Structures are given as C-alpha cells and as structure tokens.
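Engineer: Pasting in a structure now, in structure tokens, and then I'll have a few things to ask.
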C-alpha cells in the first residue's frame, strides 16, 4: 500500500498529458490537480507513519518522470500542430502555462531532488534534465555543496531571512545558487589542473539546457509556443524556490554547530508527502542526504508547519504569511527549540526585520546569571 502512494506522482503528471491530448479547455486538467490535491491535503489528518515499500517499484516512480515530462511537451506541440490547442484563445494559453508550470514544479522538482542525491551518474544526469523544465539545470551543484552544508546560516542563499517575502527570495535564491554553482565548478576544474573555461564546465551545460527546451519547442511548435514554455519555466522556478522558502523560513543556526532535528520545517500532509517524494519530511534528509526518500523517518517532535499548499497560498500575500504562520511559528521555534546561541541569532534577525524581540527578556536573565 505504501508503495502505491508514490504512484500519485505519475498519475498527477498523466493528468497533464491527458489534458494536452484532448486539447481545448482540457489543457487546464494538469493545473486543476493543484486545488483538488490542496483540499485533500488540508482535510486529511497529518501522516507521521513510516513507509514499508518495495524499493524497486517505489524507485520506478522517479524514473518515469523524465519520459512523462517529455511526453507532456510532445503532446503540447502535437495539440498545437493539429489544432486541438488554440494559442489564439487566451484561456487556453493560460491553461497551458499553468499546467506546465505546476507539473514542472510539482512533482518534477521533488523527483529531480531525489535523483540528484543518488550516487550513480544516470539518476544524476536525469535530475539535471528534469531540472531543465523548471529552469535550473545546474541546481544540484549549489544544492549539494552549499545548501546541505550551510543551511540556516547567512552563507546559504536557499535559507530565507526573517521578514523576507517569497518574491524577493526567488530572486536572491536564484542569483545565489547560480553564483555558487559557477564558483564551485571553477574550483573543481582548477583542482583537476584545468582551466575554468574548459568545455567540460557544467556552466556551459546550464546555458545550453536553458535555451534547449524553449528553442526546441519554438522550432517544433512555433515562437508563440516557445513563449508559453518560457513563461511556464519562470513560474515553475518560483514554485521550486518556494520549497526552500517554506522549509527553512527564518531558521538560524550557528555555523559551528551540527544540523539537528529542529533545523528545518516539516510538512507532514497525507498528500504532499508522497507527491513530494518525502521532501516535506525534511529534516532527516538534511541529516543524511543519501537516505532514499521512502526510508526517511518522520520526526513528530521536530518543528511542524501546516499544509504546504496553505503555506504556498498565504506566502503569496506576505502580510498574511507573516501574521498567520511565520511569526507564530518562529516565536514557538525560538522559545521551544532554539539553543541559547540560536536565540541570540534569532533576536538579531528579528531586530533587523523590525519584528518583536520575544526572547529578549529570557536572554537578559541568562546573561545575568
């Protein structure tokens, strides 16, 4: 039964394929899975159960995603070419963009994320190709070499600071990860005695793959469809950065201290756990990044967030996100989970954000002892 949960991944993606095959207003079918899944994730109880799966069939869901995404774009081009999808209809264009964006972000990001942590070259190459669909084909470089080492510290561009909106975070995280990837690639080549300008530099692959998808779609389906692809990639990139935003928002850690159970937010929804390849069962992934997604242990005592779907929607309206989720959750984290040193970092972050210093009196008592 637990293995079957993960087949939600290809089923959701298949909804997009069916929509593009039939064309017309069916192109909205992929995007329509978002509100349906959100309702289920909100009304169903949280799921803290450990998984008992068939590793082969659980892993199969990961390897199906790349051919499914290629098929999704193939059916899009086919639908435009045979007239089933009309790009002169604004609602159909919007449906194409949102379906592509949603499915390129979820479940494609979680699958790509899982595969980039595998040790074999094949899944890692598949992860890079999957990341092309959300506009970040070199995501694995900074993710593995920066985020996993420096999370919850100022050195990690994937950790949003207190008071930061999702809109500014998408930009800062994108710029930060690209800069880190370029720097890491150059250092890697220098250690091998090669020039950073060597053609084996993955930065060239990054640029080539970014151009390849919209370029190929434009060639096969016309420039208008190329623009649809670019728009979907941009939105998908925002969805992708949202995962980091909501899983690490405002958390702090002393760089000299190890990563512990309280250093990530977890979203344990019954739907989002399998759909997200357990990426929302987050903290044990950071403690050991090579643990397979279905082997991650749910940590009921670790910091918890509401449904990730709800967080995404509230995050789009920063005042609501701050008032209803971010401030209450961070106040609880500071008071219940943070070490004394982390409370000092947290209050410095609050002061910078213009937030209340809710631990200041406690810090004063500790200092006076």
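Using N, Cα and C of the backbone, Cβ positions are placed for all residues, glycine too.
Pulled these from Swiss-Prot:
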type	residues	note
BINDING	113, 117, 143, 147	Fe cation 1 binding site
BINDING	148, 282, 285, 286	Fe cation 2 binding site
TRANSMEM	8-28	transmembrane segment
TRANSMEM	60-80	transmembrane segment
TRANSMEM	91-111	transmembrane segment
TRANSMEM	207-227	transmembrane segment
TRANSMEM	305-325	transmembrane segment
Engineer: Name, in the order they occur in the sequence, the residues of the same chain whose CB lies under 8 A from the CB of residue 117 (Fe cation 1 binding site) and which sit 6 or more residues away.
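Structural biologist: For residue 117 (Fe cation 1 binding site), the qualifying residues are 144, 289, 290.
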Engineer: Within 10 Å of the Cβ of residue 113 (Fe cation 1 binding site), how many other Cβ atoms can you find? Include all protein chains, please.
Structural biologist: 23
Engineer: Please determine whether the transmembrane segment (207-227) and the transmembrane segment (305-325) are in contact (criterion: at least three Cβ-Cβ distances under 8 Å, sequence separation 6 or more).
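Structural biologist: Per Cβ check, the transmembrane segment (207-227) does not touch the transmembrane segment (305-325).
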Engineer: Measure from the Cβ of residue 147 (Fe cation 1 binding site) and count the other Cβ atoms within 10 Å, all protein chains considered.
Structural biologist: 24
Engineer: As a test of the contact definition, list every same-chain residue at least 6 positions from residue 148 (Fe cation 2 binding site) whose Cβ is closer than 8 Å to its Cβ.
Structural biologist: 286, 289
Engineer: On a count of neighbouring CB atoms within 10 A, which of the binding-site residues 143, 286 is highest?
Structural biologist: 143
Engineer: Can you grab the distance from residue 143 (Fe cation 1 binding site) over to residue 285 (Fe cation 2 binding site)? Cα atoms, rounded to a whole Å.
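Structural biologist: Per the Cα atoms, residue 143 (Fe cation 1 binding site) and residue 285 (Fe cation 2 binding site) stand 13 Å apart.
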Engineer: How big is the Cα-to-Cα gap, in Å, between residue 113 (Fe cation 1 binding site) and residue 282 (Fe cation 2 binding site)?
Structural biologist: 12
Engineer: With the Fe cation 2 site defined by 148, 282, 285, 286, which remaining residues of that chain have Cβ atoms positioned within 8 Å of the Cβ centroid?
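Structural biologist: For the Fe cation 2 site the neighbour list reads 151, 259, 264, 283, 284, 287, 289.
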Engineer: Write out, in the order they occur in the sequence, the residues of the chain not among 113, 117, 143, 147 that have a C-beta within 8 Å of the mean position of the C-beta atoms of the recorded Fe cation 1 site.
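Structural biologist: Here the nearby residues are 116, 139, 140, 144, 148, 289.
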Engineer: May I ask for the distance between residue 147 (Fe cation 1 binding site) and residue 285 (Fe cation 2 binding site), taken between their Cα atoms and rounded to an integer number of Å?
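Structural biologist: Taking the Cα atoms only, residue 147 (Fe cation 1 binding site) lies 12 Å from residue 285 (Fe cation 2 binding site).
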